[in-house]
Structure formats: structure tokens, C-alpha cells
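First up is the structure itself, then whatever we jot down about it.
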């Protein structure tokens, strides 16, 4: 079993790196504001038709464009969900959503979280899924990538005030990266058996002779961008464990690759744009080491079996409860780590049914900010915050002003870095405390004791870090939970983007200093270890008390 797990992880990472390298080169061209071959004419026509100016923006203008687009998208999606019974492509005549569920869902998809307090096949029309959720899957992913584009430019430009043009970046990212790759993935899913139609739900007679209603819909087109954009919201309630979304072992492997593809490519692009590919490889090494260790822990925990069943004398050599039986415990464990290391949240196994340690690792990966590959754009700019913190700590140890890529890291950058890093832990801990202090929060818990607290902690961690997966034992479709999680999702997304853009605005105006004998190399194994240690230290100091009350207490009981 250990050899199979190692082979699975190694194969996954090898294929991922092979696919991400050329995509990274394409992204580097976009960051450097070089149009891709054959796209100049199309861009000129589109920019003219849309009235888009290619004039560069400072960080405040860039940020305003990103925020304005997302707030407008939130309002449109909110009212679309409220009035979906008036809109077309609703063959099941599904009613509009309640205000709190519509708000939660709109915030969820605009922030790239895709937390779902509803069952897709019984709640949303085809129009809402297509024109509402799928559109936001593209826009939220493009917004995250645009932010990291601006931050990378801040490190590589000198004595400037501009970071590019947000509208140009958003259009290029959507047209030349997300749309074509998602189209290829969608066509592959259709070929493998995923649904893509507009038929009404089909009544069929099962083998036992009973009647069953099978949901239909344009699934493959949403499934592709759901994974590629690290969105994660399923067309159906079972998410990627539903055979209409994820029909074969091959589509399952492609889904995992799609989740990590752009985050990995962005690391390659960063090294290329910075003029030192070792910088990108350093980030990939740090992410990969944490990823492999976490995957190994989850696989080991699930292969050991369920201790509670063993105590009752039942055969539980492997914990298959809640796992995707088509793919097995190892693939289910790998998928769980992939989806929580990134900000995806799609699932093929019920994380609530994992063992205490097996469920703690995905929760912890979210709590550290999903910086292990992470979401499209958000993962890399989250990791860059830890890079700045690691550089600052190293500067304190050697008594020099910290610098990264020749840019000196001053008090302003460190204050903004600390603010950005503290946003999500504050939301998680305060949100979990509020839920446990109120009847409305506690009443949603299915299980008592440590596991019940783990359900609450996981939900708030997922929302604040824009993941969207859940310990499904929590009944979250209530006004209290819909509003609490909507607040966590919104602040967790834009409360980090705002200081990141402010950091970019500060760095882009600085000159790059040549490296000296006292400069800390940021591309070698020493800095990789320092960066990993910084991530682990911040995660340990922040969340060990909360984890001790939940999964650790459950494991020891």
C-alpha cells in the first residue's frame, strides 16, 4: 500500500510539472504585457468594442477595478438567484432562493469559495448554474490571477507607480488562459461520459423495478472551470463523486491535475519574469514538500482503519466510510489533500467521515491560508506573504535590512504583510467562537463533543479561506450560518487582496539593489527550509489550541 501511495503521488506531481511548464511560459508573456501570438488583432477589436483603455493603472485604480467588477457580479448573481423562477431554462420549475441563501451563494461564487448550503439538482435552474455560477467561476478565477500578476510586476519593475491595466489583464486571462483550457477539459469530460444537455430530468425504471428521477443539465462545461479555476462548487450535491460529473478514473485524475495546473504554472511564470527561474522552483519545492508530507499523513491515517469500529470488533483494516469506492482510499485521500491545499473544495469523499487525523490535515491546510499551491492567483500571493515574513525573520537574525529580489522590505510592507496574514485566522477563530456561543450556531451540529466542534471549525475555516468544502454533518442552510459564512467569505477574500495590492503599490516604486555578500539567497534549500518553517510556525501558533479541542481531542478519546 505504501508503494502504491508513493507511485500515485509521484506520477501526479510528474505529470503536473510537465503540463505546467509550458503554461507558465504563456503566463509570463501576459505578465510582461506581451500579447500571445495571433491575438493582437482580436484584442484590438475587443478593447475598442468594450471601450477598454490599455493605459496602465496604479495600485488603487487596479484594486478599484477588481473590487468594482466583483461587487457588480455579486449584485447581479444575488438578484438572479432570487428571481430564478422568472428566468428561462428552468424545466423543473424550481423557485427562487431565500434571501439569506441567495446572499450566501452569491458571495460564495464571487469570492471563489463555492461553499454550497444547497443541493444543486433540487435548488438551481440550468440558467442559474450557467449564466450565474459558471460565469462567476471564470470571473473570480481571473480576478485572483490578475492580483498576482500585479504583485509579480511590483517585484520586477523599478521606480514606477503602475502595475498594469486590470481590464486588459482580466480579458487576456479569461480569453487566452481560462476559456481555451476549460474548453479542452470540458470536451474531454463529455467524451468520457459527463453530461452536457438541457433536457428535463429523466424518469427511469431501475433494475429493482422502482421509479427514479435522474437530473440532467450542462454539467461538463461547469465542471471544467470548476476545477481549473479552483472554484469547487458541484453541479450536483454529491460534487465530483457523482458519476455525471466525474465518470471515470481518468476524469478524476484530470480533475486533480486541473486544480493544481494554474497555481503551478504561476510559480514557473514568476521565476521567468523575475529573471531567475530558481525563485519559482524554490516556491515549488516548498509547496511540494508540505504537500507530499500532508498527503502521506492522510493516506496513512485512512489506511489504518477506523479505531471506533475496531473497538467494537468490526473489521476495519481500511477506513472506507465516506470514500469514493470507484477509486479507493488512496485516490480519495490524495484528492482530499489536493482540494484543500488549493482553494478548490470539490470532493470525491466525505471529509466528515475521515479519521480524526485524516480530517485534521485538510482542515489545517485551509487554516494556513491555502498556500500549498493554493487557489489560482490567491495561492501564490498568499505564499508570497510568507516569503516576505521569512525574509524579515532572516533579516532580524543576521542584523540586516530584509530584502527580496533586490527590493528592501520596510516597515510599511511588514505591517501590511502581518495584516494580510492575520485576516483569515481572526475570522476563523472569532467565527467559530461566535457559533459555539449561540444556540443558532450549535443547533446546526449533527454530532456532539469534539467532532461536533470540528464540524464548526472546519466550516468557518473553509469559508474564511475561500475553500468551500465541508464536514457535511453541519446543517448550514439557516439565516445564522448563511450570513456568518457569507461575511467570512467576503472579508477572507477581499480583506487579503486589499493589503496585497497595497504591498504591490509600495514595492513597485522602489529600486532594485544588486545582491551583495550579505544578501540572503532566496533560491536555495536553506531558504526553502526557512519558508516551510515560517508557514508551519504561524499555523502551529495560531490554530493548535483550536485543533486540540477538535480533531486532536477526538483522536485521543
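Note that Cβ sites are derived from N, Cα and C of the backbone, with glycine treated the same way.
Cross-referencing 253-273, 442-462, 463-483 with Swiss-Prot places the feature transmembrane segment at 253-273. When Swiss-Prot is compared with the stretches 379-399, 505-525, the one noted as transmembrane segment is 379-399. Between the transmembrane segment (379-399) and the transmembrane segment (132-152) there are 3 or more Cβ pairs closer than 8 Å, counting only residues 6 or more apart in sequence, so the two stretches are in contact. With pairs at least 6 apart in sequence, the transmembrane segment (170-190) and the transmembrane segment (283-303) have fewer than 3 Cβ pairs within the 8 Å limit; the two do not touch. Fewer than three CB pairs closer than 8 A are found between the transmembrane segment (526-546) and the transmembrane segment (5-25), and contact between the two stretches is not assigned (pairs 6 or more residues apart).
With respect to Cβ pairs under 8 Å, the transmembrane segment (170-190) is most closely packed against 132-152, considering the stretches 5-25, 132-152, 253-273, 356-376, 416-436. With a cut-off of 8 Å between Cβ atoms, the residues of this chain six or more beyond the transmembrane segment (253-273) that come close are 12, 15-17, 19-21, 23-28, 31-32, 141, 145, 148, 152-153, 156, 177, 181, 185, 188-189, 223-224, 227-230, 240, 246, 279-281, 283-284, 287, 334-335, 338-339, 342, 344, 346, 373-377, 379-380. Using a cut-off of 8 Å between Cβ atoms, the transmembrane segment (5-25) and the transmembrane segment (356-376) share fewer than three residue pairs, counting only pairs 6 or more apart in sequence.
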